[in-house]
Amino acid sequence: MVGSNCTQATEFSLTGFTQDPATQVTLFLMFLLVYLFTILGNLGMIVLIRGSPQLHSPMYYFLGNLAFVDLCSSTVITPKMLVDFMSERKGIAYAGCVAQVFIFDLFGMTEGCLLAMMAYDRYVAICHPLVYPIIMSPKCCFQLVTGSYLVGLTNGMGQTISMCNLSFCGSSTVDLFFCDISPLIALATSDTTLSHIILRTSAFLFGVSSSLIVLVSYVPIISTILSISSAKGKHKAFSTCASHLTTVSIFYGTSFFMYLKPSSDSSRGGDKWVAVLYTLVTPMLNPLIYSLRNKEVKEALKR
(Lines of atoms letter the chains of each structure in order from A and count residues from 1; the text may use other names and numbers.)
(Lines give C-alpha, C1' and ligand atoms only; values in the text may rest on other atoms or scores of the structure.)
Protein backbone atom coordinates (compact mmCIF):
# COMPACT_ATOMS: atom_id res chain seq x y z
CA MET A 1 0.00 0.00 0.00
CA VAL A 2 1.07 3.57 -0.69
CA GLY A 3 1.82 5.59 2.40
CA SER A 4 -0.18 8.64 3.40
CA ASN A 5 2.82 10.89 2.69
CA CYS A 6 2.71 9.93 -0.99
CA THR A 7 2.95 12.90 -3.37
CA GLN A 8 1.10 12.09 -6.58
CA ALA A 9 3.10 12.83 -9.73
CA THR A 10 1.84 15.86 -11.67
CA GLU A 11 4.14 15.27 -14.64
CA PHE A 12 5.79 12.35 -16.41
CA SER A 13 9.10 12.19 -18.23
CA LEU A 14 9.30 10.25 -21.50
CA THR A 15 12.60 8.53 -22.24
CA GLY A 16 12.09 8.50 -25.99
CA PHE A 17 14.64 6.60 -28.07
CA THR A 18 18.06 8.08 -27.41
CA GLN A 19 19.92 10.93 -25.72
CA ASP A 20 22.43 11.36 -28.54
CA PRO A 21 21.76 14.77 -30.22
CA ALA A 22 22.78 13.66 -33.73
CA THR A 23 20.59 10.55 -33.56
CA GLN A 24 17.70 12.63 -32.24
CA VAL A 25 17.89 14.95 -35.26
CA THR A 26 17.95 11.97 -37.61
CA LEU A 27 14.96 10.38 -35.90
CA PHE A 28 13.13 13.72 -35.89
CA LEU A 29 13.48 14.07 -39.66
CA MET A 30 12.54 10.42 -40.24
CA PHE A 31 9.40 10.54 -38.08
CA LEU A 32 8.44 13.96 -39.46
CA LEU A 33 8.40 12.46 -42.96
CA VAL A 34 6.41 9.49 -41.69
CA TYR A 35 3.85 11.82 -40.11
CA LEU A 36 3.56 14.02 -43.22
CA PHE A 37 2.97 10.92 -45.36
CA THR A 38 0.41 9.73 -42.81
CA ILE A 39 -1.52 13.02 -42.94
CA LEU A 40 -1.38 13.37 -46.71
CA GLY A 41 -2.18 9.71 -47.36
CA ASN A 42 -5.12 9.39 -44.99
CA LEU A 43 -6.60 12.81 -45.75
CA GLY A 44 -6.20 12.05 -49.44
CA MET A 45 -7.95 8.70 -49.00
CA ILE A 46 -10.87 10.32 -47.14
CA VAL A 47 -11.27 13.07 -49.78
CA LEU A 48 -10.94 10.56 -52.63
CA ILE A 49 -13.60 8.23 -51.20
CA ARG A 50 -16.02 11.07 -50.49
CA GLY A 51 -15.49 12.69 -53.89
CA SER A 52 -15.58 9.56 -56.09
CA PRO A 53 -19.07 8.08 -56.71
CA GLN A 54 -17.53 4.76 -57.82
CA LEU A 55 -16.04 4.38 -54.34
CA HIS A 56 -19.37 4.82 -52.54
CA SER A 57 -19.62 1.19 -51.47
CA PRO A 58 -19.43 -0.59 -48.09
CA MET A 59 -15.77 -1.56 -48.48
CA TYR A 60 -14.68 2.04 -49.05
CA TYR A 61 -17.03 3.32 -46.34
CA PHE A 62 -15.08 1.17 -43.88
CA LEU A 63 -11.79 2.23 -45.46
CA GLY A 64 -12.67 5.91 -45.10
CA ASN A 65 -13.35 5.43 -41.40
CA LEU A 66 -10.09 3.47 -41.06
CA ALA A 67 -8.22 6.41 -42.61
CA PHE A 68 -9.89 8.79 -40.14
CA VAL A 69 -8.97 6.57 -37.18
CA ASP A 70 -5.36 6.25 -38.38
CA LEU A 71 -5.14 10.02 -38.73
CA CYS A 72 -6.43 10.61 -35.19
CA SER A 73 -4.37 7.91 -33.46
CA SER A 74 -1.17 9.09 -35.14
CA THR A 75 -1.86 12.77 -34.36
CA VAL A 76 -2.32 12.16 -30.64
CA ILE A 77 1.23 10.77 -30.41
CA THR A 78 3.51 12.04 -33.18
CA PRO A 79 3.45 15.87 -32.72
CA LYS A 80 4.39 15.56 -29.03
CA MET A 81 7.11 13.06 -29.89
CA LEU A 82 8.56 15.41 -32.53
CA VAL A 83 8.62 18.28 -30.03
CA ASP A 84 10.42 16.04 -27.53
CA PHE A 85 13.17 15.28 -30.06
CA MET A 86 14.01 19.00 -30.15
CA SER A 87 13.54 19.59 -26.40
CA GLU A 88 16.05 19.05 -23.66
CA ARG A 89 13.28 18.26 -21.16
CA LYS A 90 10.87 15.58 -22.37
CA GLY A 91 7.91 15.96 -20.04
CA ILE A 92 4.14 15.58 -20.27
CA ALA A 93 1.61 16.77 -17.71
CA TYR A 94 -0.51 14.21 -15.86
CA ALA A 95 -3.66 15.49 -17.60
CA GLY A 96 -1.94 15.25 -20.98
CA CYS A 97 -0.86 11.70 -20.20
CA VAL A 98 -4.43 10.75 -19.28
CA ALA A 99 -5.66 12.31 -22.55
CA GLN A 100 -3.11 10.32 -24.57
CA VAL A 101 -4.14 7.07 -22.91
CA PHE A 102 -7.84 7.74 -23.51
CA ILE A 103 -7.62 8.91 -27.13
CA PHE A 104 -5.04 6.36 -28.24
CA ASP A 105 -6.87 3.42 -26.66
CA LEU A 106 -10.17 4.68 -28.08
CA PHE A 107 -8.91 4.82 -31.67
CA GLY A 108 -6.61 1.81 -31.32
CA MET A 109 -9.46 -0.51 -30.36
CA THR A 110 -11.74 1.12 -32.95
CA GLU A 111 -9.21 0.28 -35.65
CA GLY A 112 -9.12 -3.36 -34.56
CA CYS A 113 -12.93 -3.55 -34.75
CA LEU A 114 -13.01 -1.81 -38.14
CA LEU A 115 -10.53 -4.35 -39.52
CA ALA A 116 -12.82 -7.12 -38.26
CA MET A 117 -15.84 -5.48 -39.93
CA MET A 118 -13.87 -5.17 -43.17
CA ALA A 119 -13.09 -8.90 -43.00
CA TYR A 120 -16.81 -9.63 -42.58
CA ASP A 121 -17.56 -7.36 -45.54
CA ARG A 122 -15.11 -9.32 -47.73
CA TYR A 123 -16.65 -12.59 -46.52
CA VAL A 124 -20.14 -11.56 -47.60
CA ALA A 125 -18.89 -10.08 -50.91
CA ILE A 126 -16.94 -13.20 -51.93
CA CYS A 127 -18.93 -16.03 -50.35
CA HIS A 128 -22.46 -14.60 -50.72
CA PRO A 129 -22.30 -12.09 -53.60
CA LEU A 130 -25.99 -12.40 -54.54
CA VAL A 131 -27.22 -11.16 -51.16
CA TYR A 132 -24.33 -8.74 -50.56
CA PRO A 133 -26.35 -5.54 -51.25
CA ILE A 134 -29.06 -6.74 -48.85
CA ILE A 135 -26.78 -7.79 -45.99
CA MET A 136 -24.32 -4.90 -46.28
CA SER A 137 -26.98 -2.21 -46.54
CA PRO A 138 -26.12 1.43 -45.67
CA LYS A 139 -27.97 1.00 -42.37
CA CYS A 140 -26.00 -2.14 -41.50
CA CYS A 141 -22.67 -0.51 -42.40
CA PHE A 142 -23.52 2.51 -40.25
CA GLN A 143 -24.40 0.25 -37.32
CA LEU A 144 -21.16 -1.75 -37.68
CA VAL A 145 -19.02 1.40 -37.79
CA THR A 146 -20.90 2.99 -34.89
CA GLY A 147 -20.46 -0.22 -32.89
CA SER A 148 -16.71 -0.12 -33.58
CA TYR A 149 -16.46 3.42 -32.21
CA LEU A 150 -18.54 2.47 -29.16
CA VAL A 151 -16.23 -0.48 -28.43
CA GLY A 152 -13.25 1.87 -28.79
CA LEU A 153 -14.90 4.37 -26.46
CA THR A 154 -15.53 1.64 -23.88
CA ASN A 155 -11.89 0.58 -24.08
CA GLY A 156 -10.63 4.16 -23.80
CA MET A 157 -12.79 4.84 -20.75
CA GLY A 158 -11.74 1.56 -19.13
CA GLN A 159 -8.02 2.25 -19.54
CA THR A 160 -8.45 5.85 -18.38
CA ILE A 161 -10.26 4.73 -15.23
CA SER A 162 -7.49 2.19 -14.72
CA MET A 163 -4.82 4.89 -14.91
CA CYS A 164 -6.69 7.32 -12.64
CA ASN A 165 -6.85 4.64 -9.92
CA LEU A 166 -3.06 4.28 -9.91
CA SER A 167 -0.65 6.18 -7.70
CA PHE A 168 2.75 7.34 -8.97
CA CYS A 169 4.84 8.29 -5.95
CA GLY A 170 8.30 7.16 -6.94
CA SER A 171 9.81 7.45 -10.37
CA SER A 172 7.72 9.33 -12.92
CA THR A 173 9.77 8.30 -15.95
CA VAL A 174 7.82 6.42 -18.63
CA ASP A 175 10.18 4.22 -20.63
CA LEU A 176 8.45 4.90 -23.95
CA PHE A 177 7.88 7.80 -26.36
CA PHE A 178 4.22 8.29 -25.38
CA CYS A 179 1.89 7.53 -22.48
CA ASP A 180 0.72 3.94 -22.87
CA ILE A 181 -1.17 2.04 -20.22
CA SER A 182 1.26 -0.91 -19.98
CA PRO A 183 4.40 1.04 -18.91
CA LEU A 184 2.24 3.23 -16.66
CA ILE A 185 0.98 0.16 -14.80
CA ALA A 186 4.59 -1.01 -14.41
CA LEU A 187 5.50 2.43 -13.04
CA ALA A 188 2.69 2.63 -10.46
CA THR A 189 3.44 2.36 -6.74
CA SER A 190 -0.11 1.31 -5.77
CA ASP A 191 -1.87 -2.01 -6.20
CA THR A 192 -2.13 -2.74 -9.95
CA THR A 193 -4.37 -5.81 -9.77
CA LEU A 194 -7.46 -3.98 -11.05
CA SER A 195 -5.47 -2.30 -13.82
CA HIS A 196 -4.07 -5.63 -15.01
CA ILE A 197 -7.58 -7.14 -14.96
CA ILE A 198 -9.00 -4.25 -17.02
CA LEU A 199 -6.10 -4.38 -19.50
CA ARG A 200 -6.19 -8.15 -20.05
CA THR A 201 -10.01 -8.31 -20.06
CA SER A 202 -10.20 -5.57 -22.66
CA ALA A 203 -7.50 -7.18 -24.79
CA PHE A 204 -9.15 -10.61 -24.70
CA LEU A 205 -12.77 -9.45 -24.88
CA PHE A 206 -12.38 -6.92 -27.69
CA GLY A 207 -8.99 -7.59 -29.28
CA VAL A 208 -9.07 -11.39 -29.43
CA SER A 209 -12.77 -11.47 -30.40
CA SER A 210 -12.19 -9.07 -33.32
CA SER A 211 -9.18 -11.09 -34.49
CA LEU A 212 -11.31 -14.26 -34.33
CA ILE A 213 -13.87 -12.56 -36.58
CA VAL A 214 -11.07 -11.95 -39.08
CA LEU A 215 -9.89 -15.57 -38.85
CA VAL A 216 -13.39 -17.08 -39.10
CA SER A 217 -14.17 -14.82 -42.08
CA TYR A 218 -11.03 -15.68 -44.03
CA VAL A 219 -11.33 -19.47 -43.75
CA PRO A 220 -14.40 -19.62 -46.06
CA ILE A 221 -13.02 -16.72 -48.14
CA ILE A 222 -9.84 -18.66 -48.99
CA SER A 223 -11.87 -21.82 -49.61
CA THR A 224 -14.16 -19.97 -52.01
CA ILE A 225 -11.26 -18.31 -53.84
CA LEU A 226 -9.52 -21.67 -54.33
CA SER A 227 -12.71 -23.14 -55.79
CA ILE A 228 -12.89 -20.47 -58.52
CA SER A 229 -11.90 -22.09 -61.82
CA SER A 230 -10.83 -18.93 -63.64
CA ALA A 231 -7.30 -17.71 -62.91
CA LYS A 232 -8.46 -14.14 -63.58
CA GLY A 233 -11.34 -14.58 -61.13
CA LYS A 234 -8.99 -15.92 -58.47
CA HIS A 235 -6.63 -13.00 -58.91
CA LYS A 236 -9.44 -10.44 -58.71
CA ALA A 237 -10.90 -12.02 -55.57
CA PHE A 238 -7.52 -12.34 -53.89
CA SER A 239 -6.47 -8.76 -54.77
CA THR A 240 -9.46 -7.40 -52.82
CA CYS A 241 -8.28 -9.27 -49.70
CA ALA A 242 -4.49 -8.96 -49.93
CA SER A 243 -4.39 -5.33 -48.78
CA HIS A 244 -6.64 -6.05 -45.83
CA LEU A 245 -4.64 -9.13 -44.80
CA THR A 246 -1.40 -7.11 -44.89
CA THR A 247 -2.84 -4.43 -42.61
CA VAL A 248 -4.38 -7.01 -40.27
CA SER A 249 -1.09 -8.91 -39.92
CA ILE A 250 0.89 -5.81 -38.94
CA PHE A 251 -1.75 -4.36 -36.62
CA TYR A 252 -2.77 -7.48 -34.70
CA GLY A 253 0.72 -8.97 -34.60
CA THR A 254 2.31 -5.93 -32.96
CA SER A 255 -0.70 -5.19 -30.72
CA PHE A 256 -0.83 -8.71 -29.28
CA PHE A 257 2.91 -8.64 -28.67
CA MET A 258 2.58 -5.42 -26.67
CA TYR A 259 -0.54 -6.12 -24.63
CA LEU A 260 -0.80 -9.90 -24.24
CA LYS A 261 2.81 -10.81 -23.49
CA PRO A 262 3.72 -11.93 -19.94
CA SER A 263 4.01 -9.02 -17.53
CA SER A 264 7.48 -10.23 -16.48
CA ASP A 265 8.80 -9.60 -20.00
CA SER A 266 10.10 -6.06 -19.81
CA SER A 267 12.42 -5.66 -22.80
CA ARG A 268 11.40 -2.05 -23.29
CA GLY A 269 14.06 -1.31 -25.90
CA GLY A 270 12.47 -3.76 -28.33
CA ASP A 271 8.99 -2.68 -27.27
CA LYS A 272 9.64 0.87 -28.44
CA TRP A 273 10.26 -0.20 -32.01
CA VAL A 274 7.33 -2.61 -31.95
CA ALA A 275 5.20 0.32 -30.73
CA VAL A 276 6.51 2.41 -33.64
CA LEU A 277 5.09 -0.18 -36.04
CA TYR A 278 1.50 0.06 -34.88
CA THR A 279 1.44 3.71 -33.75
CA LEU A 280 3.35 5.39 -36.59
CA VAL A 281 4.17 3.02 -39.45
CA THR A 282 0.82 1.25 -39.85
CA PRO A 283 -1.20 4.50 -40.14
CA MET A 284 1.22 5.62 -42.86
CA LEU A 285 1.19 2.30 -44.73
CA ASN A 286 -2.58 1.73 -44.77
CA PRO A 287 -3.43 4.31 -47.49
CA LEU A 288 -0.38 3.23 -49.52
CA ILE A 289 -1.31 -0.46 -49.28
CA TYR A 290 -4.92 0.14 -50.32
CA SER A 291 -4.12 2.63 -53.09
CA LEU A 292 -1.26 0.70 -54.69
CA ARG A 293 -3.01 -2.69 -54.67
CA ASN A 294 -6.55 -1.57 -55.45
CA LYS A 295 -7.57 -1.06 -59.09
CA GLU A 296 -10.66 1.02 -58.26
CA VAL A 297 -8.67 3.41 -56.07
CA LYS A 298 -6.00 3.84 -58.76
CA GLU A 299 -8.68 4.59 -61.37
CA ALA A 300 -10.31 7.13 -59.05
CA LEU A 301 -6.89 8.77 -58.50
CA LYS A 302 -6.39 9.06 -62.27
CA ARG A 303 -9.76 10.77 -62.64
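Glycine too: its Cβ is placed from the backbone N, Cα and C atoms.
Per TrEMBL, the feature domain 'G-protein coupled receptors family 1 profile' maps to 41-290. Summarising the annotation, TrEMBL assigns transmembrane segment to 27-48, 60-79, 91-118, 130-151, 203-226, 238-260, 272-292.
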Determine whether the transmembrane segment (27-48) and the transmembrane segment (272-292) share at least three Cβ pairs under 8 Å, counting only pairs 6 or more apart in sequence.
yes
The transmembrane segment (60-79) and the transmembrane segment (203-226): do they have three or more Cβ pairs under 8 Å, with pairs 6 or more apart in sequence?
no
Given the transmembrane segment (91-118), which of the listed stretches 60-79, 130-151, 238-260 has the most Cβ pairs that are under 8 Å apart from it?
60-79
State the non-local partners of the transmembrane segment (130-151) in its own chain: residues 6+ outside its ends, Cβ under 8 Å from one of its Cβ atoms.
58, 61-62, 65, 109-110, 113-114, 117, 120-121, 124, 206
